C-alpha cells in the first residue's frame, strides 16, 4: 500500500505534491519521489530516495524543481529486494522516453507481474532496470500509445489503458503525465485501490505567474485528507475502471465504460477503513472516522453478550495506538466502561505492521510502546487493536500489559480473522505469515497469551463500513481478480525478503 499524489495546473505543483504527500506518509515509509514537467522548457525534473518524505525532500532539493505538472509517491514495498541498491532502483516515480515521455506513479500490486516481466523481456526484447511492477505497466502502456489508427489522442490513450486492464491482473490506482500533452489517472477495474479527484480555482497570484492559463488546478490523491489540506474541492472518487485525461487547455476527458461493459463489480479494499486510511479521509463517500466509530459500537454490542454471561469482566478499555483509538472511544461508550490511554507510543517509531521483516517488527514493538503500570496493575484490561495480521505486535503487547500487573487481558480487534494472503497491495502474500491462517480462534488466543480473544464479525464489519461490495479476500478467500499467478508472486516476494 502506497500513497500517490498528482497536481496539474498551478505553478506551485511541486510544492503542493510535496505537501499532499506528507499527508499520506502513513501509507508508506520506505521511500519517496517527485517528478515534474515544465511546459516552458519541455523538461522533466525528478528526485527520489530511500527514507521518510521530509528527510528525502529538504528545501534545497525542492527548490530545484520547476513545472505546472507533478506526480509524487511514498513507498510501502510489496515487491522487490530489500538491499539498498536494488531498493533505490525500485523507487517511484518512473519514466519511459517513448513515444511521448511518460512519467507515472501507482499504488497497488500486479499479481501476474513476473509473467508480464518475462513477456516484456522476451517477447518485446526490452531490458528492465527494476523489480517494480510499475516499470512493466509503463512498457505495456507505451506500446499502446504507439498505435496510429485512432481518431484522437484520448481515444488512443484510453485504448492503451484498456489493453493494460486486459493484461495486468491486480489492484492498482495510477497517476501520470505525458510530456507536452497533459495529465492522466486511472483506477483498476474493480476499484480495489482508492483514487480521488479534486479541483480548485487559481489565485490571482497564480494567474499572474501563468498568464493565459485555463484558471484551475486539478489534484489526484489516494485519500481526501490531502485534497482538503491543499484547498481542493473533492469532485469524486474515480469509478472502478475509470480513465481520465486532462489536456493542456484543462479539458477533462473521461471513460467509465470498461468495468460496466465487462460486468465487473466494484470491490473496494475493506482494509482501507480498518487500518490504512487516515481517519480524516472520506473514501467512496464513507468517512473513515465514522466507519471506525461504528466498528467500536458494533463490536461493543457483540461483547455485551460475553459480559452478560460472565465470560469476561473488563475494568477499562485500552486502545493500541494509533489506528484503534476512534473505535475504542465508541466501544467504551457502548459498554459504559472507562476509556484509558495507558499504552504510550513513541511517535518516532515506524508503524510496525508495514516494516518489511519479522525481526524488525519485533524490535519496533519493544521500542514503540510503554505501559503505565500504575493504571494497569490489578485490573482486567480490554485491549483493542484494528487487526491481527502476523500476531507479533499483539503477542508482545499482551506480554507487556501482563508485566505491568494486569489481572486479566482480553484482546479485541475491529477486523475479522485474517486467514488468507493479499496479492493486491497489502504486504502479506504468504499464508504462513498469518497467525490465523491455520488456527482456530482459541488457538490464536493461546498463542497470543490472551485471557479471551474477540474478533468483530464479518457481518458487523460490512455494516460498519456501510458497503456490501467490498474486497474481503483476506477474510473469506474470495478473490475478485484472477490469482492464478499468486504462487509465483508469493515465492518471489519470500525470496526478496531473505
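Keep in mind that glycine also has a Cβ here, set from the backbone N, Cα and C atoms.
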Candidate from 323, 334, 440, 441 that TrEMBL assigns to the same Mg(2+) site as 385, 386: 323
Shell list (Mg(2+); ref centroid = CB of 323, 385, 386; cutoff 8 A): 274, 275, 319, 320, 322, 324, 327, 384, 387, 413, 414, 415
Environment of 269, 422, 471, 474, the listed [4Fe-4S] cluster site - residues of the same chain whose CB lies within 8 A of the CB centroid: 171, 192, 270, 271, 424, 425, 426, 472, 473
Cα separation, residue 471 ([4Fe-4S] cluster binding site) to residue 323 (Mg(2+) binding site) (Å, whole number): 20
Neighbouring C-beta atoms (10 Å sphere around the C-beta of residue 269 ([4Fe-4S] cluster binding site)): 28
Nearest of the recorded positions (2, 385, 386) to residue 422 ([4Fe-4S] cluster binding site) - Cα to Cα: 2
Pairwise CA distance, residue 385 (Mg(2+) binding site) versus residue 2 (active site, nucleophile), rounded so that it is a whole Å: 22
Protein Cβ atoms within 10 Å of residue 471 ([4Fe-4S] cluster binding site), excluding its own: 25
Rounded Cα separation (Å) that holds between residue 386 (Mg(2+) binding site) and residue 471 ([4Fe-4S] cluster binding site): 17
